Amino acid sequence: MVKVGVNGFGRIGRLVTRAAFNSGKVDIVAINDPFIDLNYMVYMFQYDSTHGKFHGTVKAENGKLVINGKSISIFQERDPANIKWGDAGAEYVVESTGVFTTMEKAGAHLKGGAKRVIISAPSADAPMFVMGVNHEKYDNSLKIVSNASCTTNCLAPLAKVIHDHFGIVEGLMTTVHAITATQKTVDGPSGKMWRDGRGAAQNIIPASTGAAKAVGKVIPELNGKLTGMAFRVPTPNVSVVDLTCRLEKAAKYDDIKKVVKQASEGPLKGILGYTEDQVVSCDFNSDTHSSTFDAGAGIALNDHFVKLISWYDNEFGYSNRVVDLMVYMASKE
């Protein structure tokens, strides 16, 4: 089982750790966060406003974080190059601070003894992998990879299925996205993106997202054919993708439902879900899929122009894919 270090114990860092313990697929051996001391880590891991209390034991003991009886080394370094991952036995590092997202910055982890780095965010220059879409293109010469964004992980599996069966000529995506930590609780300053600084709980906020364009990186045939935007809405978690696209081959909406359902039960099982139930966002809280197609919500204008809807837990679904990507990478060592 691959031994993993987590850098940044925020939403994704904590939930990757939860996903690791829930699945038993990877072994968390170290955590680094300069802003959270050990006792605070115990509290933050144990209690979660969105996903509920951790079902297990958490305590601090001899300067280590102990989860379900497993001791985890704790570091509090600001500079990734100074974290002694090697001493803790961490082979892979999940870079989940949201700060060190380039090859150069994330590469600092290799200096401390890590063998590979998985960036839990889109990256300007690191190769991006989406489980179920292009993960098989990974080869073990790559030391630093990106797990793309939660939205790309939702959109790409759906886009792949649709493109493989009917061909996507072009498309626009909108994600109606839950609040994240980059937003403000009340109006505040926000650099160049003025709207992003408006109160998150009070507003529907139009925002930019690179998620749709990033699909072109993981599915090269769709490069230049998709773009999109986001609306940030006042919900704590769970988001939904609306993909409106023109199809090459004529397809009835029932044909689309059929191929997505087949994919969800076959090659994309566990990654792409399918539902015909009358669901709403809360129904996907703590869901582990990257994307769940909502058969009842989509519409077709005609046989070539459709709007497709897919839900995702932008925190927990994504965190589970980070774990899955590491398991896949470890299988190629």
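Cβ from N, Cα, C; glycine included.
Under the heading region 'Interaction with WARS1', Swiss-Prot lists 1-146, citing similarity to another entry as support.
For ARG11, ILE12, ASP33, ARG78, SER120, ASN314, the entry in Swiss-Prot reads NAD(+) binding site. Counting every protein chain shown, 10 other Cβ atoms lie within 10 Å of the Cβ of ARG78 (NAD(+) binding site).
According to its DSSP assignment, LYS64 (N6,N6-dimethyllysine) is in a strand. If you look up Swiss-Prot, you'll see LYS64 (among others) marked as N6,N6-dimethyllysine.
The number of other CB atoms found within 10 A of the CB of THR209 (D-glyceraldehyde 3-phosphate binding site), across every protein chain shown, is 22. In three-state terms derived from DSSP, THR209 (D-glyceraldehyde 3-phosphate binding site) belongs to neither a helical nor a strand segment and is classed as coil. The D-glyceraldehyde 3-phosphate binding site feature in Swiss-Prot is assigned to SER149, CYS150, THR151, THR180, THR209, GLY210, ARG232.
As annotated by Swiss-Prot, S-(2-succinyl)cysteine applies to CYS150 (among others). Using a 10 Å radius centred on the Cβ of CYS150 (D-glyceraldehyde 3-phosphate binding site) and all shown protein chains, the other Cβ atoms total 29.
Summarising the annotation, Swiss-Prot assigns active site, nucleophile to CYS150.
Residues or ranges marked as phosphothreonine in Swiss-Prot: THR175 (among others). Its Cβ taken as reference, THR175 (phosphothreonine) is surrounded by 28 other Cβ atoms within 10 Å in the chains shown.
Shown in sequence order, THR151, ALA207, THR209, ALA230, PHE231, ARG232, VAL233, SER239, ASN314 are the residues of the chain, 6+ apart in sequence, with a C-beta less than 8 angstroms from the C-beta of HIS177 (site 'Activates thiol group during catalysis'). The site 'Activates thiol group during catalysis' annotation in Swiss-Prot covers HIS177, and the record cites similarity to another entry as its basis.
Less than 8 angstroms from the CB of LYS184 (SUMO2 cross-link) sit SER190, ASP196, GLY197, ARG198, GLY199, ALA200, each of them six or more residues away in the same chain. The annotation SUMO2 cross-link is assigned in Swiss-Prot to LYS184.
If you look up Swiss-Prot, you'll see LYS192 (among others) marked as N6,N6-dimethyllysine. If you draw a 10 Å sphere around the CB of LYS192 (N6,N6-dimethyllysine), it holds 5 other CB atoms from the protein chains shown.
The phosphothreonine annotation in Swiss-Prot covers THR209 (among others).
The feature N6,N6-dimethyllysine is assigned by Swiss-Prot to LYS213 (among others).
Residues or ranges marked as deamidated asparagine by Swiss-Prot: ASN223 (among others). Taking the Cβ of ASN223 (deamidated asparagine) as reference, residues of its chain lying under 8 Å away and at least six apart in sequence are, in sequence order, GLY216, LYS217.
Among the features that Swiss-Prot reports, N6-acetyllysine is placed at LYS225 (among others), with the record citing similarity to another entry. Cβ neighbour count for LYS225 (N6-acetyllysine): 19 (other Cβ atoms within 10 Å of its Cβ, all protein chains included).
Here Swiss-Prot flags 243-248 as motif '[IL]-x-C-x-x-[DE] motif', drawing on similarity to another entry. Long-range neighbours of the motif '[IL]-x-C-x-x-[DE] motif' (243-248) within the same chain, counting only residues 6 or more positions beyond its ends whose Cβ lies under 8 Å from a Cβ of the stretch, are 155, 158-159, 162, 166-174, 226, 303-310.
Under a cutoff of 8 A between CB atoms, and with a sequence separation of 6+ in the same chain, the neighbours of CYS245 (S-(2-succinyl)cysteine) are ILE162, ILE168, VAL169, GLU170, GLY171, LEU172, LEU226, PHE305, VAL306, LEU308. Residues annotated as S-(2-succinyl)cysteine in Swiss-Prot, with similarity to another entry given as evidence: CYS245 (among others).
The secondary structure of HIS177 (site 'Activates thiol group during catalysis'), as reduced to three states from DSSP, is extended strand. Nearest Cα neighbour of THR180 (D-glyceraldehyde 3-phosphate binding site) among the listed recorded positions (LYS64, ARG78, SER120, LYS213): SER120.
Among the residues SER149, CYS150, THR151, THR180, THR209, GLY210, ARG232 said to bind D-glyceraldehyde 3-phosphate, no two Cα atoms are farther apart than 16 Å.
Per the record's binding annotation for NAD(+), residues ARG11, ILE12, ASP33, ARG78, SER120, ASN314 show a top Cα-Cα distance of 27 Å. Ranked by how many other Cβ atoms sit within 10 Å of their Cβ, the binding-site residues SER120, THR180 place THR180 at the bottom.
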